[in-house]
Amino acid sequence: MKWVTFISLLFLFSSAYSRGVFRRDTHKSEVAHRFKDLGEEHFKGLVLVAFSQYLQQCPFEEHVKLVNEVTEFAKTCVADESAENCDKSLHTLFGDKLCTVATLRETYGEMADCCAKQEPERNECFLQHKDDNPNLPPLVRPEVDVMCTAFHDNEATFLKKYLYEVARRHPYFYAPELLFFAARYKAAFAECCQAADKAACLLPKLDELRDEGKASSAKQRLKCASLQKFGDRAFKAWAVARLSQKFPKAEFAEVSKLVTDLTKVHTECCHGDLLECADDRADLAKYMCENQDSISSKLKECCDKPLLEKSHCLAEVENDEMPADLPSLAADYVESKDVCKNYAEAKDVFLGMFLYEYARRHPDYSVMLLLRLAKAYEATLEKCCAAADPHECYAKVFDEFQPLVEEPQNLVKQNCELFEQLGEYKFQNALLVRYTKKVPQVSTPTLVEVSRNLGKVGAKCCKLPEAKRMPCAEDYLSVVLNRLCVLHEKTPVSEKVTKCCTESLVNRRPCFSALELDEAYVPKAFNAETFTFHADMCTLSEKEKQVKKQTALVELVKHKPKATKEQLKGVMDNFAAFVEKCCKADDKEACFAEEGPKFVAASQAALA
């Protein structure tokens, strides 16, 4: 790369990077400005989500009351921006409103102390008290007729309840995306409550929304963790890699601009600034649709959709085709004598360009692998640019990438083979045993949840063509392992987990993969109560039965971490036979009472 070209790119990049597409005038009243931009419906929805994500235990009616008060106040400010308190920041207005909740101290304990602080400390304090695993009852789906009646009787309240229930269980759910889910939820009821067979129409749609919603929440949680724990440089690096894969025809300056704006949007949402986030996301969608020619040929059908669908579609858009004539990277990043000069002049820009060039050529790599390669390249330049002969020192840098590329390739290959051989349930069990041996201190419910989700990678990714398997699998595993990190941070029990979670975002998955059996762990004493079952086991759904069995499996491994595969398989086969036998018996409870102790004794003997 010619030095002049690099300097001009640096100028372009830094101006684009600092500017982005958002040009915000200062407004007399921020709340009036957002109300006008978003419209009443979206404004109310976002305020409800914000309050539900902060105060996760408050009853629905309390939140609706707060939202109505904020909305009426916003309308006052729209009518007269200089009215009293209209000039206050949104954090001040929202924080003041949260602090009026009478039961704050008794419901949330020390969170009430946040109210003694001033902004911005007060908002930071509220954010720190968001609970990723709130003690809320599982959502039970009513009968279809009951839901349809509620939908017809009061559609607005029905949809608000959906926003409230999802937001309080997922305090980092991407708010504008949750409005999109609510719109789909509404459309499903509007269509299916008219259908001849309401249940056949509605239930698959609700299942799909639930599964997509959980996945969306987990993906956003990783983005927020990345920003909160590793700073915006880590998030920007992730975004450069991902957008360069999606938009390989876009110039580096264009990708940089999009990255800056995406970082702003996600920083706002992760920080609880949901009105600004939704407004800026709409602006970003508008910008992308006005500049399709310089971004991607795949945006057209997204841009014809209404706002919420458009933003969702743009976020999920498939990768554009790679330009046919991309030159080899070696010329600019290995063979050039100017590498150290360019690197020293503007390290982050040079590394950003390297990441952009590498990612647009490799849609077949996971984002996390691309970031590891950029990190390895950076480490090599740090070392070599201080050496006597820098060029000689970094000449083989691309060869050093090979083991980094092969590690996830082999991991995906081995695990997909295991998945094909075992099927999903038994593949989950294999992962349960693997992870319980690695980190036996982690709570059983967390190990079951995380291993079940890790096991879903098979069905999600292993059927894909080779070129799509690694990005699908490794980036999905990063999302699931982030859930483990988030839960573990709340109640830390394992130094190994803390180390893998906090040392490096891009190396989390390899760190967990490399963990061995924890030799220092003192096995858990055998507790017959854990393996005592009753007739209610027979009425459980298939999924609930699996969770019960998997819970028992984790407890077995915690009791005997060095048990062989054969020993564990023998016990689990006996368990399945015992449950099947008693569920077929005339007096189920009597069977469980009689056969249960025999199963426990046989299990202990098998594992002795």
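Every residue, even glycine, has its Cβ placed from backbone N, Cα and C.
Site annotation for Zn(2+) in Swiss-Prot covers H271, D273, and the matching candidate from H63, H91, H488 is H91. In Swiss-Prot, C583 is paired through a disulphide bond with C538, chosen from C538, C591. Candidates considered were C270, C277, C289; Swiss-Prot assigns the disulfide partner of C224 as C270.
Per Swiss-Prot, Ca(2+) 2 is bound by D279, D283; the candidate from D37, D536, D573 named for the same site is D37.
From the candidate list E30, E516, E519, E529, the residue Swiss-Prot records in the Ca(2+) 1 site shared with E268, D273, E276 is E30. Per Swiss-Prot, C511 makes its disulfide bond with C500 among C500, C501. Per Swiss-Prot, C340 makes its disulfide bond with C385 among C302, C384, C385. For the recorded site, K558 (N6-methyllysine), the DSSP three-state label reads helix. DSSP assigns S513 (phosphoserine) to a helix in the three-state reduction. Taking the mean position of the Cβ atoms of H91, H271, D273 as the Zn(2+) site, the remaining same-chain residues with a Cβ inside 8 Å of that point are L90, N123, E268, G272, E276. Neighbouring residues of the recorded Ca(2+) 1 site, listed in sequence order and excluding E30, E268, D273, E276, comprise R34, L90, L274, L275, C277, D279, D280 (Cβ within 8 Å of the Cβ centroid). Apart from the site residues D37, D279, D283, the chain places the Cβ of R34, L38, E276, A278, D280, R281, A282 no farther than 8 Å from the centroid of the site's Cβ atoms, the recorded Ca(2+) 2 location. The candidate set comprises the modified residues S29, S82, S89, T107, S443. Of these, S29 has the most other Cβ atoms within 10 Å. Comparing CA positions across the binding-site residues D37, H271, E276, D279, the one lying closest to T444 (phosphothreonine) turns out to be H271.
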